[in-house]
Structures are given as structure tokens and as C-alpha cells.
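Quick notes on the structure that follows.
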């Protein structure tokens, strides 16, 4: 679920997903099109593609199971769809953490959609 995604971002990247990634670049936030603008925006592009491959559940609403083991997030549960959503969220949170040094709020926050025209395939 989006609430769990926010929680994973806080745990892994130590930032608020809502305040840092909900309207960033061409892909962070609702929807997405165009070229990813920087490594953080690419994290969101890959996350969108990951959600697009998930079938059988609603990635934004369904609750998944995970645990923390030795500082790592471990996705669990019996539902393969929900587990896949967890893996998508975990990968994005790690990507955000690993690209914090190139995050550019001033340049890409509320980035104009007119600059996000030429889409790329997943």
C-alpha cells in the first residue's frame, strides 16, 4: 500500500516519501511520462514499471507483509502479488537512499509536465 511505501522510505532512505518524492521530476508522484530527469526520478520510473508488472492485486491499496532482519527489509507472506509489491517498494526505497547525493529539490520539485513529453518504455 502507499502507506507502507511511505513507511519503507522513512525506514530505508530516512526521508518522507510524501514530502520528498510525491511531486519530483517526471515520474515521482501520480502517473509519469517522459525521460527520467535524474537518478532519483529514475528510481520512480523503475518503481512505476515494477508496479506495472504486478498482476492480481492493487499495489497502491493492498497491504503486504514484511519484517526487519539485521537492518534489512524482508518481504514475506503467502500472496505472490503482494510480495512482489513489497519488493517493488523495497527496491525504490533503497534506490532513493543510494541516490540521496544527487537529489535536487530546487531543480526537480514540481517539475513542469511540459518537460516530460517523450516517453521511454519500461
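Cβ from N, Cα, C; glycine included.
In the record from Swiss-Prot, residues 27, 29, 31 bind Ca(2+); the candidate from 38, 48 listed for the same site is 48. In sequence order, 26, 28, 30, 32, 33, 44, 45 are the residues of the same chain, not among 27, 29, 31, 48, whose CB sits within 8 A of the CB centroid for the Ca(2+) site. Between residue 57 (disulfide bond) and residue 122 (disulfide bond), the C-alpha separation comes to 20 Å.
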